[in-house]
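Since the structure comes first, as structure tokens, the remarks are kept for the end.
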């Protein structure tokens, strides 16, 4: 296929798509140029159905540092594992694409996005999402798209699509919305306490922009799209399905309605084990034994799925007996742990999260060096999900994509209420340990995080709570569920997480298993979530009504001083010698930013005070008319040099030592003497002149003799070579005439 180019303008920037030139052996590939961001997307599919009971879709977003004209960090100077931002972007693309494959599709699919050039004002992640959908759509892979996504900002009361870097920094909203031309199917957002009405408006306007991108994709697919391949879908034997349903459906219905999670799981597993044993014996010698037993497992899963959904939509009964808008029992505890800087334990039904706060000097901030300019990340929220939380064994190691994503969601929700750096100059880390899970653990971690921050004395603007909403839809009717548990999440159509304060929303995340949801469903879900959020906030505020006025005794204390930027090098010293000496002498930690803000941290206030004194002395400047208790450090014929403070010396000229004439400096002072002096002059080179006599009482004026002349010869001070006197001009008799 020859190279073809398609072009349009979107959100004020040129959008160009190229096909048929590169990566031609992939099932589908495109180069997307948006502004000056360039992304290559290639989609490939395996020839055969993969084993396993899930769809093996892999989406990668690869940031190449050359795209921004940068070297990778580290010793190897080569890209390694994906950054957190790259992982989150890959998840962002995966989520709206995954529902667009047919039920039973099991071929492995990989969608690889490579950022080739990067323009911070033209969203590369959105170009990658566009490219992922388009590469799948023009390929022979059976993808029921296209989809598209946009970023949405809110600046000065205006909704902005794909905001620039400058607009994004001013925006009260950071929203990504994706969907088909018919409905929204993915949402990810952080917001500065915006109302449900503004969030809904942003979602709907974002979807209108999505439709523009989909229309452009459809134009390209019509021109270059391939015919879709015929692939085998996973189907179960219809006769076998009918046989099992007739014999065992009533047993499974009873098991599903057991209210307690572990007991319900045991009851349903007992039914499945019974059915499995029967058919293992029945077909033990059958040549298609493996296929039959795979079908048995799939049929039992479908039966449980259908019964949970029937209970909710028809009987209006949830598996644990709650109403559709009812929250599970809540409990909140602070100070669960001693010694740490703050802790909170939050329990909702059988979901429980422990959040632990750690405060540290700003030197502990995380340095983020990706495609954007390097910056320091002050707040971190990490989420851990051990397998024991669901009573299972499993893999332990580095956090996976799910843990990274849930941590980022909690981070967005809580970051909106944190104090500014000026108000609270600490690096802040929250770690959420999920101790039990039966759905909505990410939202429990947000609630526990609020408790830990308040207990730790972090002056947040307001408490934040989170709730997960669900959806059961049969195409014509739907039911929105409040506070979904694991079974409802697994068999439901939507997981819609909403976090916020009493004043507004701080984070949203929505994933669905159907191809989209309507504005009506969104409106209802947001309204139910608000009601539930307020109920949870009632419990949090009853546990800890306000932020504690002081930090924990184990938390580092902090004091800050401001110094001139040109004094930073004095405090640091050659090779860090001076600052290292201060740290060694006092035991504190010191951070200095490029604006001259010096932060001193220690659990010992006396150590902080000592370090402050040393630094203040290093950057102290003498001022004219100020008086100092100085020490004589050197004597010359023309005067004495005195130390005012630290490394700052001044000259007291012999003429400034006393009101009477003195021939020898040694007659008045000796090395080591302490004298009071007043600074009388600082020249442009910083040389300081001081005076002792300025602090002494002036002697009375001498009496005049009969001829009108002074009885004593006037004093004329001597001057040394470093202090040349200014020329003085006096009037001569000729001039006066």
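Quick reminder: no glycine exception, Cβ is built from N, Cα and C everywhere.
Around the Cβ of residue 495 (Mg(2+) binding site), a 10 Å sphere holds 21 further Cβ atoms from the protein chains shown. Annotation comment: Swiss-Prot describes 489, 495 as Mg(2+) binding site.
According to Swiss-Prot, the compositional bias 'Basic and acidic residues' annotation covers 700-714 (among others).
The compositional bias 'Basic residues' annotation in Swiss-Prot covers 715-724.
What Swiss-Prot lists as compositional bias 'Basic and acidic residues' is 725-737 (among others).
Annotation comment: Swiss-Prot describes 556-615 as domain 'KH'.
Mean per-residue pLDDT, taken over the domain 'S1 motif' (625-693), amounts to 93. According to Swiss-Prot, the feature domain 'S1 motif' maps to 625-693, an assignment based on sequence analysis.
The region 'Disordered' annotation in Swiss-Prot covers 691-737.
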Helix, strand and coil totals (DSSP H, G, I; E, B; other) for the domain 'S1 motif' (625-693):
7 helix, 36 strand, 26 coil
Mapped DSSP class for residue 495 (Mg(2+) binding site), helix or strand or coil:
strand
Can you check which residues sit near residue 489 (Mg(2+) binding site), meaning Cβ under 8 Å from its Cβ, same chain, 6 or more apart in sequence, and list them in order?
439, 440, 468, 470, 495
